[in-house]
Amino acid sequence: MPALGSQRRLLGSLNCTPPATLPFTLAPNRTGPQCLEVSIPDGLFLSLGLVSLVENVLVVAAIAKNRNLHSPMYYFICCLAVSDLLVSVSNVLETAVMLLLEAGVLATQAAVVKQLDNVIDVLICGSMVSSLCFLGAIAVDPYISIFYALRYHSVVTLPRAWRIIAAIWVASILTSLLFITYYNHKVILLCLVGLFIAMLALMAVLYVHMLARACQHARGIARLQKRQRPIHQGFGLKGAATLTILLGVFFLCWGPFFLHLSLIVLCPQHPTCGCIFKNFNLFLALIICNTIVDPLIYAFRSQELRKTLQEVLQCSW
């Protein structure tokens, strides 16, 4: 798949604009924006991938070990960890193969490299799509438990959760195959951008609504205890901070990558957009950082999971 200059990540097919149209080497006396390119060393990619790999393996092992965690919510968290795990594995494999090829240690035919490139691209794209979908599912589950508490166990059942999980994985695989086959079609890129916007809007609406309900509940308790102002302010600030972290991390880590896709459709030959295209590797690194942060936000906050994790680590020693 075509890649642009130094943008040699295996999703370089997203950089489908011909290099000649992008001002990557503007001289000081030429007109055009001065581009800032953030270089991401291969060692950093490997390090981030390995950290994410270890974290998400621990999450999956802890949930599999503890039967108390065998509930729809934790199954969604486990699937998110598997998705993030696939992002990490594909990143580590990709970087390792590239380093071996550059060092001359691994010698193979171009056709084999291309096939490997396609396989890892499918893996990366599919895991990204599934990660977004499971993040949405994780947001929906507590919403149902809060606003439909009496019906929660009849609505969120294990068979239904398994069907949702299976549908997400199938859709992710089909989406990745379509993307790799028709990556140069604008409709495919717009669909991926639309998925990101839909998940961002879904998470924002659900979390804001849950925060509003929690604050309303806190005000009711405060009125009963005649301490409305301190409780309301403290709870509201804490809830707003949590909401900011959830949505902020999601937008910061995923937003630049999907901005990149949007600009490929909107302004593939504009000099300013060309400057953004140069930082494609940085956008991928942010997604890998998200796979490191996800367990901290969604998994390790659970006391039950942390306790199981300690048991897993003790058994490994």
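Cβ coordinates come from backbone N, Cα and C, glycine included.
Please treat TrEMBL annotations as automatic predictions, because they have not gone through curation.
Owing to the predicted nature of the structure, the values given are computational and were not obtained by experimental measurement.
According to TrEMBL:
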- 55-298: domain 'G-protein coupled receptors family 1 profile' (DOMAIN)
- 44-63: transmembrane segment (TRANSMEM)
- 75-99: transmembrane segment (TRANSMEM)
- 119-140: transmembrane segment (TRANSMEM)
- 161-181: transmembrane segment (TRANSMEM)
- 187-214: transmembrane segment (TRANSMEM)
- 235-259: transmembrane segment (TRANSMEM)
- 279-300: transmembrane segment (TRANSMEM)
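By number of Cβ pairs under 8 Å, the transmembrane segment (279-300) is matched best by 44-63 from the list 44-63, 75-99, 119-140, 161-181.
Taking residue pairs at least 6 apart in sequence, the transmembrane segment (44-63) and the transmembrane segment (187-214) share fewer than three C-beta contacts under 8 angstroms.
Sequence-distant contacts of the transmembrane segment (75-99) (same chain, six or more residues past either end, CB-CB distance under 8 Å): 8-10, 42, 45-46, 48-50, 52-53, 56-57, 59-60, 63-64, 106, 113, 116, 120, 123-124, 126-128, 130-131, 134-135, 137-138, 141, 158, 161-162, 165, 168-169, 172, 284, 287-288, 290-291, 294-295, 298-299.
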